[in-house]
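Have a look at the structure below before the remarks.
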Amino acid sequence: MTNEFFPDLRTVRLDEPGGAVVILDQTRLPGEETYVELRTPEQIWEAIRELKVRGAPAIGVTAAYGIYVCCRRAGGSCFDDLCETFDRTAAYLASSRPTAVNLSAALERMRNCLLAHRDEPAAGIWDRLRDEAEAIRREDATACRQIGEYGLSLLEPGAGILTHCNAGHLATSEYGTALAPLYLGQERGYGFRVYADETRPLLQGARLTSYELMRAGIDVTLICDNMASLVMSEGRVQAVLVGCDRIAANGDAANKIGTSGVAVLARHYGIPFYVLGPTSTIDADCPTGASIPIEQRDPAEVTEAHYAQRMAPRNVKVYNPAFDVTPCDLITAIVTERGIARPPFDDALRAWSLPGRAGR
Ligand code: MRU
């Protein structure tokens, strides 16, 4: 599959001869398109933690490539030693960001692959791990495309769409999740008008969503997060599309901080609020959103990041949760590569959650 909008831009890839994971450094966008090679567990952990690579599916793919690269570098031919290296590295990488389930799910899938091939020589195991990581990336790309098709079926040509954070190409392997219907709509002449929330404090909407949509020639208008109510009240928005980092069994969905506020506004103005994500984002082990771990981040992201100078008094107390949970009753539909689920979500999500995920 090729993505006509981004033939030259790969968010994450494996540099096989170099034994490195290569990522597009998203902290440098939109100013610079800089690629970084990651070879050690520490480099991979730091790249995920610092959001050089970000977005739930993209960090899952990075972790899958990363565990392969790290275990291969560690070498050795004894399976028990390999397993020990794998488990230690996987636990370390999984600790980089807690909310997106794709990270731990990808590592778990890689571990299952390792165990399934325990009787093969080391060279064969490396090949299997690499193939599994490539399969995770490929399946993500296929899922995004399918999410785009289902998502597009919910939208009218010419619609105004509001989105929060970045759930597009940069956050995934190809078309994105929440932005996938917009790319397919662009291919088919739908003429969408997109409003991108800037997404304080790390500005994924301003830096990334507006950058990638403009690059694809899609009509995008950047707004501050606190303008969404006005823009909706003016009748400019016919649907809200957002991604997700983890979907609980009842349909509560964690996504970038501020998403639940957008859902409240959408309900107030009678605008459909759609959550789009791959089924790998469903966590049947979380009965409701209350069980989803919410990442807390450095206060400096609120007081200093992206300002020319500090914009808050020294020592002010700061609360900086990176995600919030949108309650399922504010969600009009959840769109996955398997279809469109409407409330109550439980049955569809149970059927779609990955085999073996529940009760692990
Ligand atoms: O902190 P980030 O930038 O990794 O947060 C990303 C989001 O909240 C995305 O909406 C989510 O991961 C879905 S990406 C397809």
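Here the Cβ of each residue, glycine as well, is placed from N, Cα and C on the backbone.
Substrate binds Arg54, Gly55, Ala56, Gln204, Asn255, Lys256 as TrEMBL records it, and from the list Arg88, Arg97, Arg297 the residue named for this site is Arg97. Among the recorded positions listed (Gly55, Arg97, Asp245, Asn255), Gly55, Asp245, Asn255 have a CB atom closer than 6 Å to some atom of ligand 1, in sequence order. Other than the site residues Arg54, Gly55, Ala56, Arg97, Gln204, Asn255, Lys256, same-chain residues with C-beta atoms no more than 8 angstroms from the centre of those residues' C-beta atoms, the substrate site, are Leu51, Ile59, Ala100, Cys165, Asn166, Ala167, Ala171, Gly243, Asp245, Ala322, Phe323.
Cα distances from Asp245 (active site, proton donor) to the binding-site residues Gly55, Gln204, Asn255 are smallest for Asn255.
Taking the Cα atom of each, Arg54 (substrate binding site) and Cys165 (site 'Transition state stabilizer') are about 11 angstrom apart.
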